[in-house]
Ligand code: ATP
Ligand code: MN
């Protein structure tokens, strides 16, 4: 039997729990070595863990020669355990350091490292993504994912405390929900299947039994985009609610967005500081303009968009500049929106669909859905889709499926808005894009 690599050691403190008031107390810390310095009579290294870092100081006069040898042999980014005593020291970062009595190298890092996790030496995004583990030890990368975590937590907590039930729908599906062009086909035994583009159809059905549902899950888009805003695998937060219209779910989305910004501002002040990002909590009500009004505003700004066309990123940026911050664009041309969106009664060219934008990026899309089977069949056909393909889905509409509305919010886009990341790939641990399938 192999011995336990940690022996009898377990972490007693995180780095940031070591404060000057603890001077004299013994602690065991676990983490990674980020910086090593030798000033002749004294050796230092910085031990990093998930909470922060602490200086480990070995004065030649005070520690065992064995420890000095050990420090000499450690490579940066090795996983180590350190036992020692805290000592208040004005010169040390945060006014405290650890004087080691024993160091265990738990797994040495191989040098040279492909990148410098302290971030002093700049590396391009590709190099960083290829060595993502090391990159994720950089304070800036850590900050992005801690903020993403806080945002997801805020959304979940808000929805759960407002009576939403979390659902998990299949990611291997038989047919498209958006358009067939953006599906990833997979082989499913003898048949063809696809990766799910959206939980759309399942979440709609589930309003017929659970009333208010939400899901956090991946969506897969076989889009050939190569932009700063597109991935081929995205984390989406989706909701769907029975017996309401789009106005109601826009209210939920507004609350969710404000809640996310508030919570991130409260809980992640350190991370925002690391990113040099200041965030303003959007004020309610978030402005709502119609698609037609958006066209007018763009025209006033000298940007002409033909009715029926989607906005480009520069056009969205222009609107973002005019409106400043977050805003809804409501009542889109039906041709731009999927088959399951309800059309306006008096003008079927218009749909009950909305987008939520933040500066130049679309964060979410939603709308009032069709709940009548015959209407849905008509709209499927209008989009060139075959009702036969949707046989099982359509059955649900014969069983009292209530009128319902909902939205889908892209979590990486939201993370961009919160962190100021310029490229969406910064906001996903292991991005999937046209060129990148590994790591
Ligand atoms: P866009 O027009 O910006 O490419 P979309 O309108 O095709 O997005 P939807 O089908 O409305 O996207 O998806 C809902 C949300 O999911 C979007 O508002 C966005 O936040 C996110 N999303 C969709 N596709 C992508 C993608 N390829 N990369 C990153 N996020 C995406
Ligand atoms: Mn959209």
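The backbone N, Cα and C atoms fix where each Cβ goes, and this holds for glycine too.
Remember, TrEMBL labels are computer predictions, not curated facts.
Site annotation (TrEMBL): ATP is bound by 221, 222, 223, 410, 411, 412, 413, and the candidate from 271, 276, 360, 362 recorded at this site is 362. Record note: among 192-195, 196-199, 200-203, 204-207, 200-203 is the stretch given as region 'Aspartate' by TrEMBL.
Around residue 365 (L-aspartate binding site), taking its Cβ as the centre, 19 other Cβ atoms fall within 10 Å, counting all chains. Long-range contacts of the region 'Aspartate' (200-203) within the same chain, counting only residues at least 6 positions beyond its ends with a Cβ under 8 Å from a Cβ of the stretch, are 167, 169-170, 177-178, 213, 215, 238-240, 338, 340, 390, 393, 406, 408. Mapped onto DSSP helix, strand and coil, the region 'Aspartate' (200-203) counts 4 helix, 0 strand, 0 coil. With residue 412 (ATP binding site) as the anchor, the candidate recorded positions are 93, 221, 369, and the one with the nearest CA is 221. Separation of the C-alpha atoms of residue 410 (ATP binding site) and residue 93 (site 'Important for tRNA non-discrimination'): 38 Å, rounded to the nearest whole number.
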